[in-house]
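Peer 1: Starting off with a structure, shown below.
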Amino acid sequence: MERDDRSVNRRTILRATGASVVGVALAGCTGGGNGSTEQPENEEDSSSTKTAEDESGDAAESSGGSSDFGGWMDNVSNFESVTDATGKDKVTVKVGAKGNGGAYAFAPPAIRVSSGTTVVWEWTGKGSFHNVAAKDGSFKSEQVNKKGHTFEHTFKESGTHKYACTPHEPMGMKGVVVVE
Ligand SMILES: [Cu+2]
C-alpha cells in the first residue's frame, strides 16, 4: 500500500515538472517582449520543448536569460542576472572589471539589448591583456591591456551571443549578449 502511494506521488511530481517546463517554453515562444500573451499550441510546443532541453544553449534562450545559459555562465563570479539594456542605441561593457579572482571580468557580464544595438567594450587597463571573442567567431577584438581602448559590435540577429576573453576564459571571464 505504501509503495503504491509513493509511486503515485512520484508520477505526480514528474507530471508537475513536465508542466512547468512546457510553461517556460511557452513563455519563451511568445517572445517579442510581450511576455503576457500566452499562446498554448499543445502538441507542437511540447515536442519543441524536448529539443530545447537537448540543446542547452537554446533552452537558456527560451527561458528569457534568467538561467545560466547552458552552463556558460556557471563560473562567472560577477554574474547574477541579465541586465536589461533594451531600447538603447549603445551599451557599454567594461573589460577587466573586478571579478573571477582579480580584474578578470566583463561588467555587466550579461546584457539584454534590442536588435540593432551597438555594444561598446571598454578596457579598464586592469588584469593584464584581454580580448572580446565571440564563441561562434562572429566578432573578435585584439588582445589589449590599455585603459580606454574600445571595441564595438552591432548586434542585428536575435538570439544569445556568447563571448569570452580568450586568455581568461577558463577563469570565468565570459559574457553574453541576448538580442531581442
Ligand atoms: Cu581577460
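Including glycine, each Cβ sits where the backbone N, Cα and C put it.
A TrEMBL annotation is a machine prediction, not a hand-curated record.
The region 'Disordered' annotation in TrEMBL covers 26-72. Annotated domain 'Blue (type 1) copper' per TrEMBL: 95-180, in sequence order. Marked as Cu cation binding site by TrEMBL: H130, C165, H168, M173.
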Peer 1: Taking all residues of the domain 'Blue (type 1) copper' (95-180) together, what is their mean pLDDT?
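Peer 2: Looking only at the domain 'Blue (type 1) copper' (95-180), pLDDT averages out to 98.
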Peer 1: Measure the Cβ-based neighbour count of M173 (Cu cation binding site), defined as the other Cβ atoms within 10 Å of its Cβ.
Peer 2: 31
Peer 1: Please determine which of the binding-site residues listed here (H130, H168) has the lowest count of neighbouring CB atoms within 10 Å.
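Peer 2: Candidates: the binding-site residues H130, H168. Fewest Cβ atoms within 10 Å: H168.
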Peer 1: Excluding H130, C165, H168, M173, which residues of the same chain place their Cβ within 8 Å of the centroid of the Cβ atoms of the recorded Cu cation site?
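Peer 2: Going along the sequence, the neighbours come out as V95, G96, Y104, A105, F106, G127, N131, A164, T166, P167, E169, M171.
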Peer 1: Taking only same-chain residues 6+ apart in sequence, whose CB is under 8 Å from that of C165 (Cu cation binding site), what do you get?
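Peer 2: Long-range Cβ contacts: V95, Y104, F106, H130, N131, V132, A133, M173, K174.
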Peer 1: Going by DSSP, how much of the domain 'Blue (type 1) copper' (95-180) is helix, how much is strand and how much is coil, in residues?
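Peer 2: For the domain 'Blue (type 1) copper' (95-180), the helix, strand and coil counts are 3 helix, 45 strand, 38 coil.
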